[in-house]
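A.B. asks: Sharing a structure with you now.
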Amino acid sequence: MSESPPTAAPVCYRHPSRETWVRCTRCERPICPDCMREASVGHQCPECVSEGRRTQRPARTAFGGSAAGRHGYVTKALIGINVLAALIGLALYGVDTLIPRGGLFTNTTQLQAAGGVIGPSFQFPTDQGWINYTGVYDGSYYRLITAMFLHYGIIHLLFNMWALWAVGRSLEAALGPVRYLSLYLLAGIGGSVAALLADPNSLTAGASGALWGLFVAFFVILRRLGRSTSSIVGLLVINLVITFTLPGISWAGHLGGGVAGAVVAVVLAYAPRANRTLIQVVGCVVILAALVGLTLSAGSL
């Protein structure tokens, strides 16, 4: 009676010198311990794991944004840019940019003169004499953006950055980084344009317009999700009182940012699922075009 020869042990498909009886649960290729990747059932080989990652759809928010917004990277970056702008102002124009000599929102320094919102060109007095600056009406359109990153001293900066940290992270998680950044910038530009239209001869700066846009957008998002809005309504009421009671605050900049933020939020939150991203992009472009049109028309009057 003859005996059958013993069956040779399989070898790892990536390491032929290693014997193994474990197989990938997806492709059934032999895999050694170094090639085993934990799976919901058994183990998979590295190639099958990579293939699964490529075919898996990335997680999205309820409004079509990337789930990466839960990390708050954009909010942190915006805070960093605001702080960096304050440090640059300190280095270029001195300690007055952080510690105002006048009122909280009335101490205009060369920092606001260089980047704040104002319509006509003007002269600003410094220790070295008068310096000429061009306004938005003469082509310095960058002021509509730079103004939202400049502040009237450290208290103004800290208050706005606290508000951005408190509200921004939740909105970024709900909308995703790109949509959230679009909301912030369009609300900030909306605040700048409103301040320009209401009082073109005054310098205006601060992130408050963008923040008002976030506050109102948060209300819209909560309503869309069917959640309680009591907390954000209280915050809006408090900021509304501050806007109209403290001297030196640009009420138009605040309300303009709020209106722009509301419109952007409606576009992002209520866009139908079919072609949602396209509708959101077109909506934001139309809003930006409207703000540009208002700026150009104001400059031609």
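The backbone N, Cα and C atoms fix where each Cβ goes, glycine too.
Just so you know, TrEMBL annotations are computer predictions that nobody has curated.
Dumping what TrEMBL says about this protein:
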DOMAIN    139-269  domain 'Peptidase S54 rhomboid'
TRANSMEM  77-95  transmembrane segment
TRANSMEM  149-168  transmembrane segment
TRANSMEM  180-197  transmembrane segment
TRANSMEM  203-222  transmembrane segment
TRANSMEM  229-246  transmembrane segment
TRANSMEM  252-271  transmembrane segment
TRANSMEM  278-298  transmembrane segment
A.B. asks: Would you kindly list the residues that approach the transmembrane segment (203-222) from elsewhere in its chain, counting only those six or more residues past its ends and only Cβ-Cβ distances under 8 Å?
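C.D. replies: That would be 63, 82, 105, 108, 111-113, 115-118, 147-152, 156, 160-161, 163-164, 167-168, 170-171, 174-175, 183-188, 190-192, 194-196, 228-229, 232-233, 235-236, 239, 249-250, 253-262, 264-266, 268-269.
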A.B. asks: Return the average pLDDT for the domain 'Peptidase S54 rhomboid' (139-269) as a whole number.
C.D. replies: 95
A.B. asks: In the domain 'Peptidase S54 rhomboid' (139-269), how many residues does DSSP put in helix, strand and coil?
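C.D. replies: Once the DSSP states are binned, the domain 'Peptidase S54 rhomboid' (139-269) shows 104 helix, 1 strand, 26 coil.
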A.B. asks: Using a Cβ-Cβ cut-off of under 8 Å, list the residues of the same chain that are 6+ residues beyond the ends of the transmembrane segment (252-271) and lie near it.
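C.D. replies: Sequence-remote neighbours of the transmembrane segment (252-271) are 63-64, 117, 175, 179, 182-183, 186-195, 197-199, 204, 206, 208-217, 220-221, 224, 239, 243, 279-280, 283-284, 287, 291.
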